[in-house]
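Trainee: For reference, the structure I am asking about is given below.
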Amino acid sequence: MIPPEEAEAWICAKCGAPLKILKVEFSYMKGNFTVDLPACAGCGMVLVTEDLALGKMAEVERILEDK
Amino acid sequence: MAEPPRLYESALVRQATGNTIRPGGLTLLQRAMELCAMASGARVLDVGCGTGASTTYLRHRYQLRAAGVDLSAKLLLEGSVTVPGLPLIRGRAEYLPCRNACLDGLVCECVLSLLPDSHATLCEFNRVLKPGARLIVSDLYRRAPDENGQAEVSVPCCVASARSHSFIRKQVLSAGFELQLWEDHSYLLGNLAARLILDHGSLQAFWVKVFGETAGQEIAHAVAASRPGYFLMIAQKRI
């Protein structure tokens with residue numbers, strides 16, 4: 001979980017606004033999920049950090065793909 | 001000595017599964033009811049009803065005379081507060097408070113895998129059902145090939161103690177049922193596992209939060225070794 005102050009250190013390249021921790025919905029295979037991630041409140045761009053991508057997102061992908 | 005935590009009473013499980021306390025919520029019950037097409041007024045028992053979410057659903061959606069039975073006083077109390085007057089009884093699946101051959105249907109969701117003697121329980125289900133009546137079971141099952149290699153765990157946990165498809169099938173037939181349907185719905189368990197990972201960082205972290213460091217690690221390993229899946233089964237009491 002990224003702390004709010006760390007999220008705000010990132011600036012959306014399109015909107016110029018700091019990112020905030022927002023509830024982000026995503027779908028993968030037959031599942032719909034909501035997760036708190038740094039995102040731009042203006043355009044909806046979501047930041048997926050390397051730690052997240054290689055950590056729990058990788059575990060989620062492995063589970064959902066039934067590997 | 002304090003009793004080990006019950007997974008189905010855990011706040012963390014409730015947070016991820018809501019009132020039904022199982023993967024998929026009412027999805028598989030709805031599927032089973034479409035297939036069984038029970039007449040309104042049919043007498044059905046929801047064994048392991050928890051807070052009575054399925055009992056309520058069966059009564060309101062299908063106008064069945066459904067009642068629930070569960071071991072957990074905590075969950076039954078919650079159910080009776082949520083839906084006053086809902087017929088919920090405290091009891092064990094192995095000793096149902098019913099006469100012989102009095103039920104048109106029996107629903108048992110995510111319960112058999114938790115019981116020490118699932119065969120005796122299936123025989124009890126057979127006793128209370130009318131000939132030709134339906135048994136609807138949804139539960140976890142072991143997909144890893146070697147059942148003999150089942151890991152011993154020190155606390156009761158349905159995910160770690162799930163049995164194989166062939167084991168369950170043999171028990172159902174031996175208890176006096178004809179198997180009418182077996183469907184794999186493991187994606188529902190996968191979706192729940194994914195939600196737990198997103199909420200807690202990893203499945204291992206989730207198990208440790210529920211059962212503590214030692215038992216949590218033990219269960220995490222047992223679960224990974226058994227490769228649990230999730231099924232819907234419909235069986236009919238032999239006529």
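In case you wondered, yes, glycine gets a Cβ from its N, Cα and C as well.
Below are the features listed in TrEMBL for this protein:
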- A:9-67: domain 'DUF7479' (DOMAIN)
Trainee: What are the DSSP helix/strand/coil residue counts across the domain 'DUF7479' (A:9-67)?
Mentor: 14 helix, 21 strand, 24 coil
Trainee: Could you tell me the mean pLDDT the prediction assigns to the domain 'DUF7479' (A:9-67)?
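Mentor: Mean per-residue confidence for the domain 'DUF7479' (A:9-67): 88 out of 100.
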